[in-house]
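Participant: Quick one: this structure, given as structure tokens, is what I'll be asking you about.
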């Protein structure tokens with residue numbers, strides 16, 4: 001009886017060992033540990049592409065009173081195309097900037113807005129209407145205003161991280177804390193000036209400082225599109241470097257990467273993208289966090305070459321889906337950012353409360 005039990009146990013052990021060896025032989029090194037994970041990724045990309053194309057076609061065609069193929073149809077479609085281009089640009093900026101910022105800070109619960117971009121944007125808009133009135137704010141538009149405001153944001157960010165990251169004692173966490181303090185100070189200054197505005201001036205200011213796809217000025221597209229394309233291309237080509245940066249400063253330096261130099265260059269590119277999207281459509285605090293978090297969950301990989309495209313597709317689907325539904329069924333396209341911020345803020349709180357599971 002004992003020998004029979006012993007043989008049975010040995011047989012079970014051999015079977016388990018064979019299954020384990022088979023499973024190990026199927027595992028691979030690299031961003032995908034199994035073939036199933038690779039298939040899952042490409043299926044996900046295909047689904048996101050199909051969904052994005054579907055929403056785009058629906059946005060171009062739904063509610064178009066003209067017959068398909070006529071000149072009137074294409075004129076209306078061309079007008080709607082401006083919103084599509086805006087959402088594509090915002091998706092690229094928010095996705096690339098937030099994922100890269102998470103890598104630079106080694107923290108997935110903060111966003112680039114923590115450096116004070118949005119507070120600076122609101123402070124500039126408030127100061128203009130406070131000093132020059134509604135007429136001054138109306139004059140503070142166009143390409144010149146866009147370039148000045150974007151340059152001011154980039155200069156602010158560059159000054160912040162070159163000051164606090166230079167030297168042997170440079171620390172990115174100190175930089176983030178200083179950014180929070182400066183952002184809070186700018187927010188308090190903006191609130192003070194807003195309390196002194198006339199009601200009609202405050203209404204005009206609220207429309208300018210509230211994130212809205214319709215705020216985008218198509219005259220700025222010839223500037224925004226090349227800048228975003230170049231910066232995003234540079235970031236994508238440096239994906240392998242970001243993979244190393246994500247390992248930490250000591251590991252990156254040991255692997256031959258100048259961590260501080262790479263970090264400062266990465267923050268420069270992030271500040272350019274955030275300046276573009278904030279100056280174009282206004283503050284959108286939680287969109288980047290929502291997009292990046294969903295991309296991490298969907299891809300389940302460390303490789304930025306795989307995370308970044310999914311983050312862009314998720315961002316575009318979130319924007320176009322919310323815009324199409326709110327515009328055509330609730331007739332409240334201006335509330336798109338409210339819904340996105342509500343969902344993004346809820347996801348943020350959810351992950352904050354999941355202690356130790358980020």
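Every residue gets a Cβ built from N, Cα and C, even glycine.
Annotation comment: TrEMBL describes 1-31 as region 'Disordered'. Feature annotation from TrEMBL assigns compositional bias 'Low complexity' to 11-23. The feature transmembrane segment is assigned by TrEMBL to 41-61, 81-99, 120-140, 146-165, 172-193, 220-237, 265-294, 306-325, 332-353.
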Participant: Using a Cβ cut-off under 8 Å, which residues of the same chain at least 6 positions beyond either end of the transmembrane segment (172-193) come close to it?
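Facilitator: That would be 104-105, 110, 113-116, 118-120, 122-123, 126-127, 130, 160-161, 164-165, 263.
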Participant: Which range out of 41-61, 120-140, 146-165, 332-353 gives the transmembrane segment (306-325) the most CB pairs under 8 Å?
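Facilitator: Going through each listed stretch, the top one turns out to be 41-61.
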Participant: Give the nonlocal contacts of the transmembrane segment (265-294) in its own chain as ranges (CB under 8 Å, at least six residues past its ends).
Facilitator: 86, 89-104, 108-109, 111-113, 115, 117-118, 121-122, 146, 149-151, 153-154, 157-158, 161, 165, 208-213, 215-217, 220, 224, 227-228, 231-232, 234-235, 238, 242, 245, 311, 314-315, 318-319, 337, 340-341, 343-345, 347-348, 351
Participant: Considering only Cβ pairs under 8 Å, which range in 41-61, 120-140, 146-165, 220-237, 332-353 makes the most contacts with the transmembrane segment (81-99)?
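Facilitator: The stretch with the most contacts is 220-237.
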Participant: Sort out the residues at least 6 away from either end of the transmembrane segment (120-140), same chain, that have Cβ-Cβ distances under 8 Å to it, and list them.
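Facilitator: For the transmembrane segment (120-140), the sequence-distant neighbours (Cβ-Cβ under 8 Å, at least 6 residues beyond its ends) are 149, 152-153, 156, 183, 186-187, 189-190, 193-194, 196-197, 200-201, 204-205, 208-209, 278-279, 282-283.
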Participant: Under 8 Å between C-beta atoms and at least six residues away from its ends: which parts of the chain pack against the transmembrane segment (220-237)?
Facilitator: 85, 89, 92-93, 96, 100, 143, 146-147, 266, 269, 272-273, 276, 280, 304-305, 308
